[in-house]
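Novice: I am attaching a structure below and will ask some questions about it afterwards.
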Amino acid sequence: MSHNDTIVAQATPPGRGGVGILRISGLKARDVAQAVLGKLPKPRYADYLPFNDVDGTPLDQGIALWFPGPNSFTGEDVLELQGHGGPVILDLLLKRILTLPGLRIARPGEFSERAFLNDKLDLAQAEAIADLIDASSEQAARSALNSLQGAFSARVNHLVEALTHLRIYVEAAIDFPDEEIDFLSDGKIEAQLNEVMADLDAVRAEARQGSLLREGMKVVIAGRPNAGKSSLLNALAGREAAIVTDIAGTTRDVLREHIHIDGMPLHIIDTAGLRDANDEVERIGIERAWQEIAQADRVLFMVDGTTTSAVDPAEIWPDFIERLPAKLPITVVRNKADVTGEALGISEVNGHSLIRLSARTGDGVEVLRNHLKQSMGFDTNMEGGFLARRRHLQALEEAANHLQQGKAQLLGAWAGELLAEELRLAQQALSEITGEFTSDDLLGRIFSSFCIGK
């Protein structure tokens, strides 16, 4: 589809509401104003007018806002019609607008895409619009707004600028090898490179925090039947999310709860008790449990404290530990401390965290909450922080790898040409975050996930 088309879409959620907004962007927006309103409203003033059908009869009446380009969200001529939020009224008005030549329904995210293409915002800011709409906590919303206002982009642009200056110095050292001063070995390039790498590490740390705020952490509760997994899910959720009985195998399917711990989103997943089951339904539930474990960020290995005194997971259930994905973090949770009389708290056993608690009474659950937050390195004090997506983390990691390789070339062989190439690739990776260097395919994937009216 052409970006020269004039597009229209509903900017408010579907369904009934007090107000419904249609947004039009493109060269034909002024034609829509003349046809539907009978005039072109004064720029950036709210004008209360009837919205007319083809024969001149009013379909609705409401507020019209006219934003001539380039001083608009998309950088194009933009008209907003704010009428009553009934779906029938909005549909009639939309059909009326589409009778005009040169107009079509907008694709998902096309308004934001046009704003990006017209340099009204960069790619990270465009993504922040969707993240702000989808924010699941106050802290996530504040961080998304910071990204929209350019906090993340400013950090990335600072790194790109520093790399540009460093590349200029390295290129000079390559182009003028006969100078008396050996630029590659005078220590200045290494010092500047170390400074850029330190700044990049700081941005990566903040980006990981931002990614946690946006994506959350997936925690799977796993263990044998009747270990108290569903009771723990209820304790963490603060409500009766799962049925709890003394009958082994009560939970036969995956149960999911979305909670927040001091602003960090957490996806808690309760699974069927793991055992050799004869029942077909239970077997399916157990297979699904293993599928969830394979995708988890952390596993809470639930142990009935009344059945064993062991604390090492490899001793408690070696077959379970052997089947877990390599490097998957495990927290051993010894449950039923109210029965065994074990001291509540957290300790370390052979590289694994061990927590003693009672899911039934809730004693020790707060220790587990703090452990989950700290195990992911989540910082509740993120004033001025920003949200980050997985593609941002990948780009930052790629840039860091290129800088590491460039430093190795500098110190190992004083190879200026190879260092210059690694610096270029690092700069290119960072530029993908803001969209300075981005493929059309990536743009399509990003904006297709947006709302229609955005």
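We number each residue from 1, going along the chain as drawn.
Using N, Cα and C of the backbone, Cβ positions are placed for all residues, glycine too.
The (6S)-5-formyl-5,6,7,8-tetrahydrofolate binding site annotation in Swiss-Prot covers Arg23, Glu80, Lys120, Lys454, and the record cites sequence analysis as its basis. Taken from Swiss-Prot, the feature domain 'TrmE-type G' applies to 216-377. Look at Swiss-Prot and you will find Asn226, Thr245, Ile247, Thr250 tagged as K(+) binding site, backed by sequence analysis. Positions annotated as GTP binding site by Swiss-Prot, on the basis of sequence analysis: 226-231, 245-251, 270-273, 335-338, 358-360. Annotation comment: Swiss-Prot describes Ser230, Thr251 as Mg(2+) binding site.
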Novice: Which one is closest to Lys336 (GTP binding site) in space, judged by CA to CA distance, out of the binding-site residues Arg23, Glu80, Lys120, Ser230?
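Specialist: Result for Lys336 (GTP binding site): the nearest of the binding-site residues is Ser230.
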Novice: Summarise the model's confidence over the domain 'TrmE-type G' (216-377) as a mean pLDDT value.
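Specialist: PLDDT averaged over the stretch: 86.
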Novice: Sort out for me which one of Arg23, Lys120, Lys229, Lys336 has the most neighbouring CB atoms within 10 A, since those are the binding-site residues we care about.
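Specialist: Answer returned by the neighbour count: Lys229.
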Novice: Could you measure between Ala272 (GTP binding site) and Asn226 (K(+) binding site) for me? Cα positions, answer in whole angstrom.
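Specialist: About 10 Å separate the Cα atoms of these two residues.
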Novice: Report the same-chain neighbours of Ser358 (GTP binding site): residues 6+ apart in sequence with Cβ closer than 8 Å to its Cβ, ordered by sequence.
Specialist: Asn335, Lys336, Ala337, Asp338, Val339, Leu344, Gly364
Novice: In the three-state scheme derived from DSSP, which category covers Glu80 ((6S)-5-formyl-5,6,7,8-tetrahydrofolate binding site)?
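Specialist: For Glu80 ((6S)-5-formyl-5,6,7,8-tetrahydrofolate binding site) - judged by DSSP and reduced to three states - the answer is strand.
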Novice: What three-state class does DSSP give Lys336 (GTP binding site)?
Specialist: coil
Novice: Suppose we draw a 10 Å sphere around the Cβ of Ser230 (Mg(2+) binding site). How many other Cβ atoms does it contain, all chains included?
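Specialist: Taking all protein chains shown, Ser230 (Mg(2+) binding site) has 24 Cβ neighbours within 10 Å.
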